[in-house]
Ligand code: GDP
Ligand code: K
Ligand code: MG
């Protein structure tokens, strides 16, 4: 019997959803940062093994929408909820347990659920035992699994739990497919991740990245990208003194992109100011957020 299905990861911001997707795939597809709302899109990663195929989706954390961009992000979460065969409800071991369960209750899930407690590396054994007891009483999940996505612990248990719940089906994608997103998309995301790491507070939330040129030359890939911000002052910050900051973004991103493409890369970055892009349908569409 062959099994295949859609397994989607849900949870509060920073629960470790993107880290888990990468750990399950053994490949860095989703960008990760300690800041909330790093993930803006639904990102799919596909695992194909003899006998089964799992199509995993990482989703933006569940939040109350403040901008049109947030509404689009939550629409992505909602559609992911609707087409999951198995929903992984991910919580941080240190998050308030009752809050998390209330949030999961509020999703009115129809999909089969696995409750996944991440960051078990942050709790002592006694505390983990108490937590397990409480979560098993919740009764709405088919299984409760403890993991550390960062330390890659408990992933075997999680895969087994998923496989038991996966429907009988043919594969959905050819066996060598890793994702349904384009290379350009991942390049833009890798640049965006560096901005999340290098700047505090508001800058990352006002930034989008657009790849404007992607050319495979004989010995390297030439990539141009625009970093979009909402104000002139932010442009100045991204550029930095004598262009120091943008050079740093470029050199950090280039290392990741070269690893991802397995090719030498020439990366050219520009900064553009687009007032209120987060509330503008045309821009949101251009940046792939709709
Ligand atoms: P997301 O917002 O749910 O996608 O969370 P991310 O995957 O971006 O991770 C948020 C933060 O939690 C990052 O700093 C991760 O390195 C960290 N993190 C993720 N998984 C673990 C884990 O298992 N243990 C610990 N200690 N930290 C983790
Ligand atoms: K995050
Ligand atoms: Mg994420």
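Quick reminder: no glycine exception, Cβ is built from N, Cα and C everywhere.
Not measured: the values here are computed from a predicted model.
Taken from TrEMBL as is:
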| type | residues | note |
| --- | --- | --- |
| DOMAIN | 3-168 | domain 'Era-type G' |
| REGION | 11-18 | region 'G1' |
| BINDING | 11-18, 58-62, 118-121 | GTP binding site |
| REGION | 37-41 | region 'G2' |
| REGION | 58-61 | region 'G3' |
| REGION | 118-121 | region 'G4' |
| DOMAIN | 191-275 | domain 'KH type-2' |
Restricting to the same chain and to residues at least six past its boundaries, which positions have a Cβ under 8 Å from a Cβ of the region 'G4' (118-121)?
15-16, 19-20, 90-94, 128, 146-151, 153-154
Anything from the binding-site residues 11, 14, 62, 120 with its Cβ under 6 A from ligand 2? List those in sequence order.
14
By DSSP, how many residues in the region 'G4' (118-121) are helix, how many strand, and how many coil?
2 helix, 1 strand, 1 coil
Outside the region 'G2' (37-41), six or more residues from its ends: residues with CB under 8 Å to it:
13, 17-18, 30-31, 58-61, 63, 69, 73, 76, 181, 185, 193, 196, 204-205, 288-289
Just counting, how many other CB atoms are there within 10 A of the CB of residue 59 (GTP binding site)?
26
Cβ-Cβ neighbours of residue 62 (GTP binding site) (radius 10 Å):
19
Neighbour tally for residue 17 (GTP binding site), based on other Cβ positions within 10 Å of its Cβ:
29
Among 14, 59, 62, which binding-site residues lie by ligand 3, judged by Cβ under 6 Å to any atom?
none
Are there residues at least six beyond either end of the region 'G1' (11-18) with Cβ under 8 Å to its Cβ atoms? List them, or say none.
30-32, 34-39, 43, 58-63, 89-92, 95, 100, 103, 118-119, 149-150
